[in-house]
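Take a look at the structure below.
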């Protein structure tokens, strides 16, 4: 009897019916707290992109110290942002932007992202669903630890709940800061106009600031009014009547406020605020090139795309992060001391939501729908039930090939919307051979070939202007000429002019038509351009090895005859007492060089073979070269030659 009593399971308190789990320990797990250190990089990337999930917002995740340490706001190196429309380049990109772009799995060159500012998007339903999911799963862990009298497990559960609250607050402050910066950007750069939410909101705020400010200011001014000394009865009567008049005025203002309601974000408006659209090219750390179309107001400092969100309450933000560190420390210790059942459930509760969040479950940019669609198509195809292509389907595909294909859309915060597109398939180039003549045409890739990954094609799609090409050359995005080989440039110009017609309504030329003054081919010829000093002198100026000369003066340029052939050979440079100059730092000095020339009756070959200005390379007493004013000059689309020979 004594031995049987000694081997009996110890009894627990009567109020803990699951106390048996407390002593269920077939094996022990040591150093389980190290599990909380796993998945830090994945959480940094998933949480740092600031995209909300409809199901996982209130569930614990691995790597809670990433949130407490604010590591998801650290910027990444190796990124380049080129504001092509404004000619600005920076390597400083916001942390959320780099993480968001890496999570989109962009193609090498053919993705096009449109950023717009929308009315505030309500997430009330998503919040309710995620709160219910978090309450059930976290509540079960709390109930498990209490009913089994596992107090280390209870401390572990509380620490996990606190870490969830800290993460919700920290990420929420980042999103609120983004919305506040967008509101400020919209309001600071001119009042919005038209039938849009931004215009209505601006009018409401202006009215509120004007009328409510006058009301509060008027009531404050009544207090320090000194009593009048003329006629005591009159003064008493005036004082007694003032509150009544003030009360009537306040009631009138309240009625006006009731009539002037705040604009409804869900209301129907005639247009969406677009700002001043610009085109931006971003080169990722993995060398992928992505094109942005976005309002210029969003990249003017302080910009949420450059500096990132500016926290509205930095002190409270710091306090909550400190609480997050404390909860993380308790979580590390308590999970290792908890019972086995609590440990197993805790690991499942933090690992599964982490995996789902990394896969963007419940997020706007989730690819689950496309994945399931692909699986369905594969299954139907394997069973022979795939839809057979017909003539109508082929015609529809051809029509869609000329338009931007929308892949997904995503909200960051409640106001910033990103729409991810692919460049139209009809923009692809291929070379046609007609006898000995070859030309580049658009219309799609050849059958059986994949879409292009060349930067050259992307630059042709961008419909760059003269100024934008100069900026691209200065940023070293265009190749430099070596040994007179300019085949890349000739191909680029041919592709660019092959795509002048047949573009989609949206796209770079749509942005260009609204932001840049249209330029003709003649404008491209006559527009002056300063050569940067960074290019090799021997290559650009054609100076022989070891030859040096005094600084050459700027020669007056004349516009060539537009009727001249585009590919007329330039005269060969003479290296004996002569110098060869270029009209620009890159061969694409004229968009008309790749276009078909217009034939006029007065076009003659002599316009190309005109005489050139004579330059005396011997330095004068002032140290500069002398120019014969009686000479003339001829400029080809790529080079200008100066020689001593007379025609």
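Including glycine, each Cβ sits where the backbone N, Cα and C put it.
According to TrEMBL, the compositional bias 'Low complexity' annotation covers 549-561.
If you look up TrEMBL, you'll see 562-572 marked as compositional bias 'Pro residues'.
Positions annotated as compositional bias 'Polar residues' by TrEMBL: 578-587 (among others).
Per TrEMBL, compositional bias 'Polar residues' is recorded for 599-641 (among others).
Marked as region 'Disordered' by TrEMBL: 213-251 (among others).
Annotated region 'Disordered' per TrEMBL: 503-533 (among others), in sequence order.
Sequence annotations record features per position, and here TrEMBL assigns region 'Disordered' to 546-647 (among others).
Sequence-remote contacts of a segment are chain residues at least 6 beyond its ends whose Cβ falls under 8 Å from one of its Cβ atoms, and for the transmembrane segment (127-147) they are 16-18, 21, 53-60, 153-154, 156-158, 160-161, 164, 338, 341-342, 345-346, 349. The feature transmembrane segment is assigned by TrEMBL to 127-147 (among others).
Long-range Cβ contacts of the transmembrane segment (153-172) within its own chain (Cβ-Cβ under 8 Å, at least 6 residues beyond either end) map to 47, 50, 57-61, 64, 67-68, 70, 134, 138, 141-142, 144-146, 317, 320-321, 323-324, 326-328, 330-331, 334-335, 338-339, 342-343, 346, 349-350. TrEMBL lists 153-172 (among others) with the feature transmembrane segment.
The transmembrane segment feature in TrEMBL is assigned to 325-358 (among others). For the transmembrane segment (325-358), same-chain residues at least 6 beyond its ends with a Cβ under 8 Å from one of its own Cβ atoms are 21-22, 24-33, 35-36, 39, 42-43, 45-47, 53, 55-56, 59-65, 68-69, 137-138, 140-141, 144-145, 148, 150, 152-153, 155-160, 162-163, 166.
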